[in-house]
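The structure appears right after this line, and notes come after that.
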Amino acid sequence: MVVRYFPKGRFWPKTLKNRLGILLLVSTLIPIILIGYISYYYIYVVQVKKINDDMQSFVKTERMEIEKLLNDMNSVSQLLVVDGGVGRDVVDFLSENDGFQQALLFKNVNKSLVNIYSSNPNLGAVFYYFPSLNEPVQFTNIDSVENFSMESLPVLYPANLLSYYGPHPSMNKQDSNLVFSLIRKLEDDQGNAFYVYLETKLGANLKSLFTSEILGLKLIHRINSFDGKELFNNRQMVFGNAEQPDPNLRSFVSTSAAGWQLVISVRESDYRQEIVKWRNQFMIVAFGSLLVSLLLGWLIWRMISRPLHQMNQAINQFSLNLNDQSTIQFDLLEFQHLYGNFQLMRNRIFELIAEVENKEKQRGQLEVEKLLVQINPHFIHNTLNTIQWLARMHGKSDIVDLVTIFTRVLHYNLGKNSIIVTVSEEIEAVCDYINLQSIRYDYTFNVQIHVDPATEGIPLPRFVLQPLVENALYHGMTNDEGRIDVHVELVENGRISLTVSDNGKGITAEKLEQMLLEDTQKEKIGLGIGLRYVRKMLDTYYGQQAKMEITSKLNEGTRIALVIPNRIEEAPNDH
C-alpha cells in the first residue's frame with residue numbers, strides 16, 4: 001500500500017522547490033493564526049474575568065455598605081424597645097393619668113431621644129406609631145407626619161419583628177431625598193402592638209453611595225426586594241434619559257443573606273470596548289509579523305535550496321550504485337551532519353542484510369538438525385510392545401513389569417498431544433519414574449507422596465514436578481535412612497504449592513547456582529531435564545505469578561518449593 005503525504009492534483013506542484021515554498025508559506029501562516037487565536041482567546045478570557053471579578057467585588061462592596069446602614073438602624077432601634085429602652089417610658093407615658101408624672105415621663109423620653117439623635121447623626125425621621133390612637137404618631141423629631149401608612153412603604157425585606165424599607169421618600173416633607181427605613185414591632189403591657197419608625201439621612205449622599213463609573217464603565221444601579229420587585233433604578237442619574245432603555249446590558253448581582261439584591265448593569269458596548277481596542281492593535285501587529293515572517297521564509301528557502309539539490313543528487317547516486325564511496329562537502333554543518341547520518345544508515349543497511357542472510361542460513365541448519373533428532377514414537381512403542389510380549393511368552397515377569405513401566409514413562413515423555421497436563425497425571429508419571437529407578441537400582445526408595453484431592457484436576461506444564469524428584473533421588477538418597485517427601489496442596493489466593501524435600505547430603509550454593517544455569521548436569525541421571533528447565537517453564541507459562549524457592553543445608557537436606565496459580569490463563573504454543 002502506498003501512502004501519499006501530499007495531495008495529488010493539478011494545482012499541487014511537482015517539484016520540491018515549489019512545494020517547499022508553499023510549505024514555508026503555510027508554516028508561516030499557521031503559527032500566526034494559531035498564536036493569534038490562542039492569545040486573543042486567552043487575553044479575552046483574562047480581561048473579561050478580571051472585569052467580571054472587579055465588578056462582582058464592587059457590587060458586593062456596595063451591598064455591604066447598604067447592609068451597614070441597615071445594621072446601624074437596627075442597633076438604634078434596640079435603644080427604643082420597651083424592655084430596657086426608651087419604649088418603656090413611652091408606654092408608661094401613654095398609660096399614666098397623673099399630669100405631673102406624664103410631664104416627667106415626657107421629659108425623660110425627649111431627653112433620651114435627643115441623646116440618640118446626637119450620637120447618630122445619620123438618623124432622619126424617628127417616631128413611635130400607635131395605630132389604635134387618634135393621633136397615631138408620637139414623639140416624632142420632625143414637624144409633622146401626614147397620612148403615614150406602613151403598607152404604602154416599599155418592603156426591602158422582613159426579619160422577625162423588623163421590616164426594612166426603601167429606598168423611598170423621607171417622612172420629613174421638608175426633605176425630598178430618598179432614604180432607607182426600618183419599622184420595629186413592639187408591644188405594651190396589655191399586648192397591644194405599636195411600632196417605632198427610623199430612617200437614614202441619605203439625601204445628596206445617595207450618589208456617592210452608588211458610584212456612577214468604574215474602570216471607565218458607566219453603571220446602572222438597581223435594588224430588588226426579597227421577593228424580586230424592583231425598588232430603585234438610577235438609570236436617569238447615569239445616562240440622563242430613563243425613557244430610552246438600552247436592551248444590551250450586562251448585569252452583576254450581589255444577593256444578601258436576607259434575599260434582597262443589588263444589581264449593577266453596564267452597556268455591552270462599553271463592556272467590550274477594551275477588547276475591541278486590543279483586537280485592532282493585535283491585527284496590526286499580526287499583519288506586520290506576517291510580512292516579516294514571509295521575508296524570513298524566503299531567505300531561508302534560498303539558503304537551503306542548493307544543499308537540498310546536492311543532497312538529492314547524492315541520494316540518487318546511492319540508489320543507482322550502492323558501492324559508490326564518493327562524498328560531498330556542504331557549507332552548512334547541519335547538512336553535512338545529515339549527509340554523514342545518511343552514510344551511517346547506508347552502512348547499517350549492509351550490516352542488516354548480511355545479518356539476515358546469516359540468520360537464514362542458521363535457520364536452515366536448525367531445521368536440518370531438528371529433522372535428524374526427531375524419532376517416530378510409534379516405532380519405539382511398537383518395538384517395546386514386541387519386547388513385552390516376548391518376555392511374557394518366556395515367563396520373564398520382571399522384564400514385563402520393567403518394559404510396561406518404561407513404556408508408560410516414554411509415552412508420557414514423548415507425548416505430542418499437549419504440554420499441559422493435570423496434577424494427577426504428573427503424579428502418576430512421577431510414580432512410574434520412581435518405580436523405574438527402583439527396578440533399575442534394585443532398591444526401594446522411601447518416597448512419600450501427599451496430594452490434596454482438590455488439586456488433582458488443576459492444570460500445569462509437563463515435567464514440572466518430575467525433575468524435582470529426580471534431583472532429590474540424586475542428592476537425597478545417600479544411605480538407607482534417606483527419605484523424600486512430596487506435597488501438593490492448595491494455598492491462599494487460589495494457588496497451589498508443590499514441595500519436594502529430602503534429608504540427604506544437601507547442595508552447596510555454588511553447585512546450586514551451577515545447576516540452575518547449565519542446561520544439563522555433568523553427571524546426568526534419569527531424563528536429565530534439570531532445574532533450569534523447571535524455572536524456564538514457570539517463567540514461560542506463569543511469569544511473575546510463579547515462585548520457586550530452594551533451601552539446602554549441608555548434611556541436613558534440600559527443600560524445593562513451587563507456588564503457582566491454579567489455572568493457566570493463556571498458554572503459549574503447547575503442542
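Start at 1 and count along the chain as shown; that gives each residue its number.
In case you wondered, yes, glycine gets a Cβ from its N, Cα and C as well.
In TrEMBL this protein carries:
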- 464-568: domain 'Histidine kinase' (DOMAIN)
- 20-43: transmembrane segment (TRANSMEM)
- 282-301: transmembrane segment (TRANSMEM)
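If you look at the transmembrane segment (20-43), the same-chain residues 6 or more away from its ends with a CB under 8 A from one of its CBs are 13, 278-279, 282, 286, 289-290, 293-294, 297-298, 300-301, 304-305, 308. Mean pLDDT for the domain 'Histidine kinase' (464-568) in the predicted structure: 81.
Residue counts for the domain 'Histidine kinase' (464-568) under DSSP (helix as H, G, I; strand as E, B; rest coil) come to 34 helix, 32 strand, 39 coil.
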